[in-house]
Every structure is written in C-alpha cells, then in structure tokens.
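Data block below; observations after.
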Amino acid sequence: MNFLESLQQLDEQLFIFIEKTAANEYLDPFMLLLRNPLTWIPLYVFILVYITVKRRDKALLFLAGTLLCFALADFSSASILKPMFQRLRPCYNPDLQVYLRNLVGCGGQNGFPSSHATNHFALAAFWFGSMQYLGMKWQHWLWVWIWAGMICYAQVYVGKHYPSDVLAGAAYGMSIGYLVTLLFTWFDKNGIKIKKSRRIETTASSRA
C-alpha cells in the first residue's frame, strides 16, 4: 500500500468514525444550520456595520477585500482545483454508502478541496489579519477560526467531504486570506499616495 492509498484509508476511517460515533439526530439540525450560507447573512451585516462604525474611512476598502477574498477562494477551489484533482466525494463512494444518512444532496462529484472550507477560512484569515492591522484587539477576533472550523466539520458530518478535503480547503483558504490581507494593507498605505501622484501629474500636464 503506497502513501496515497494509506491516506485514503485513514480518511475513510475518520469519516466512518464521525458518521457512526460522533453523529446523532439531535446534532443534525444544528449541523444543517451551520453549513447553510443563509444562516450567516446577519453575521456579514454585523461585521460590515462594525467596521463602518469603528473605522468608517476603511469600510469600503475592507468590503472590497472581503469580496475579493471570497471570489478568489470560491472560483479557484470550485472551478480550478476540483476539476484538477477530480477526487470523488465520500457520498459517491460505494463502500461508504452504508454509513451515509443522506442529510443533504450529494452535489457535484468532485470534493477536493472543500469550497466551504476554502471560502470560510479565507474570510476568517482576512478578517483576523485586517482587524489587527486596523488596531482591533486580536483576542476579540479569535472566534472567526472557531466559526470557520465548525462549518468545515459540518461538511464532513453531513457526508459531503472527507476530513482531508476540509483540511486542504482550510489551508488553501488561509493562504488566500493572508495574501488579500497583504494587498489590503499595501493599498491602504499606498493607495492615497498613488492618487496624489496622479493628481500632481495631471496638474503639471495641464499647466504645460
């Protein structure tokens, strides 16, 4: 058995453990709620209002960073990486059908990496990093990691992903969030300078 086969076997064992041991009917509604994108609309509104109240001058740039972060994470994971790796979701594995409880539809065949994990960890990394940059206490934003982690776990719980799908998505999402945070801080420091230099050039050319 090679390394990839061993990894697949471990993944399946962890998946079976969650489905057989950690799952129960009382948790089902909570997990379904966690993974529903509509559940978190109030949270997104709250964060936008929060940044507008605390740092109104940075709110538009923060919103742009959030949208860019989500767009990069969602497009690259769903449209590039999943077709590239072509790893079937556990709900398409005939050997695992007996363990599935069919809480949700299986969806598309490819599951690596998890787009849910990529998207939410990208947002968590960007929010955590940008809030620190804007002078907010980092301790107040540790919850974003727990939030993203719970959504990832819910994806495995309902049978949509293997554990490694969400772990890979989380790692990839964090890298995207970190890069967008760097872009956010760079543009915040240099964006005004760029605008001023353009104005000076325009004024100079008009005088000439």
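Note: Cβ is positioned from N, Cα and C throughout, glycine not excepted.
What TrEMBL records for 59-181 is domain 'Phosphatidic acid phosphatase type 2/haloperoxidase'.
TrEMBL lists 37-53 (among others) with the feature transmembrane segment.
Positions annotated as transmembrane segment by TrEMBL: 60-80 (among others). Residues 47-48, 51, 113-115, 118-119, 122-123, 126-127, 130, 134, 169, 172-173, 176-177, 180-181, 183-184, 187-188, 191 of the same chain, all 6+ positions outside the transmembrane segment (60-80), place their C-beta atoms under 8 angstroms from a C-beta of that stretch.
When Cβ-Cβ distances below 8 Å are used as the criterion, the transmembrane segment (117-134) is approached by residues 47, 51, 54-55, 58, 62, 65-66, 69-70, 72-74, 76-77, 140-142, 144-145, 147-148, 151-152, 155, 161, 165-178, 180-181, 184-185, 188 of the same chain, each at least six residues removed from its ends. The transmembrane segment annotation in TrEMBL covers 117-134 (among others).
Residues or ranges marked as transmembrane segment in TrEMBL: 141-158 (among others).
Residues 61-62, 65, 68-69, 72-73, 76-77, 81, 113, 117-130, 133, 148-149, 152 of the same chain sit 6 or more residues outside the transmembrane segment (170-187) yet have a Cβ under 8 Å from a Cβ within it. According to TrEMBL, the feature transmembrane segment maps to 170-187 (among others).
Per-residue pLDDT, averaged over the domain 'Phosphatidic acid phosphatase type 2/haloperoxidase' (59-181), rounds to 96.
Remote same-chain residues near the transmembrane segment (141-158) are listed as 15, 18-19, 22-23, 27, 31-32, 34-35, 43, 103-104, 114, 116-117, 120-121, 123-124, 127-128, 131-132, 165-167, 169-170, 173 (criterion: CB distance under 8 Å, separation of at least six residues from the stretch ends).
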